[in-house]
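The structure under discussion appears below in the form of structure tokens.
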Amino acid sequence: MYIPDAVLPYTRRISWCAFLATLIIASYWFIINNGSLGWYYHIDADVYYEGGKAFLLGKPLYTQRFSVNGFSLPFTYPPLAAMLFAPMAITNTVVSAMALTAVSIILLWWVAVQMLRATGTDSPKLLALWLMPILLLFEPVRQTLSFGQINIMLMALVIADTIAPRPSWARPFQGALIGLAAAIKLTPAVFVLFFLFRCQWKACAATIVSFLFYTTIAAVIRWEDSYLYWTSTISDPNRIGGLIYSGNQSLRGMLVRLIGADTAQSVWLPLAALIGLIIALAMWRMRTHAPELVVLNSLVALLCSPVSWSHHWVWLVPLTIVAASYCWWWAAIVGFISLASTHWLLSPARNAATAWHSWQHIVGNSYVLLSFLVLAVAIVWPPVRSHTRLSTSQVHRI
């Protein structure tokens, strides 16, 4: 990754400025977590709080809805998630949301460090600090923090299992963290493909065993909720929200907005299968490049799931870093789209997308179209990164 030589003498100043900017932006998210700024309210964190509270009190998780900030919302995660959310109920909704925010911001920096290290940067901690003010403004990150979502935490579990260095004692357990993430929220299960394409059969087995282990623990403690979740709740379409909203940046969401729900229903699965094959081709081509492979793997869940809310796209952070290791212009394109959040420039009202013009479909499906571009580049571009990178010998100590 290239850092201009002219910048190197100013590393201390840049680092302090980046740190202060990060604190200012982070403080904003802590301030809005008191719920006083209208739409920017930790509504998902409150659902986690209520789910954890219901788990502690022995109340049902899936046959009731929870009253949250004037809304009646269901708990949509597996029972293990409610068990892990239970400590939140010891505090209150504001404190628990602030804790989620703090942990998410720290883990965002950690994810950036691991991706920078894996793509060849010699000073990943320093550069990750420089990037934090920008990364915190990425729309998926903003949405994750404002809703009080756990997307960054789940991403960190995946990165820890695939990209981060592992001590020798932990290597036999590679895959266990992805299994845990899948037991908390099912979609991370797709990252078993990372190990399949790298022929890491033990890690594949560890992922499956870990998922079954944690799911079994939840089933032993809360059998009725577990049975209900895995037999009916998981397939209930009424619990995931409207497909047509511009915030749903999935292949199916784009099709519903483009050709209508009825037609989209008939063509979505074949097109999703085709996209899956294209992703598989790109992953096979990048199978020896772990950072590229894990980013491409994320597109399986983001594109092929019926619903991928824009806050699920926190994987644009690793994508931007991988793009920067090849070409700064590529990173600029990904970063601009992540910052601009053009799909929110259009009316988010239900069925508004049915009246979109052609240019609005381009603007309103920005993440999906960006992922198509990424797949095209991954298939045709030589997987050779820039050899110019930031060296620790060139950087002043902070």
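The chain as shown is numbered from 1 upward.
Just so you know, glycine gets a Cβ as well, placed from its N, Cα and C.
What TrEMBL says about a protein is an automatic prediction, not a curated fact.
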TrEMBL annotation of transmembrane segment - which of the ranges 75-90, 123-138 it falls on: 123-138
Leading contact stretch, 93-111, 293-316, 367-384 vs the transmembrane segment (176-197) - CB distance under 8 Å: 293-316
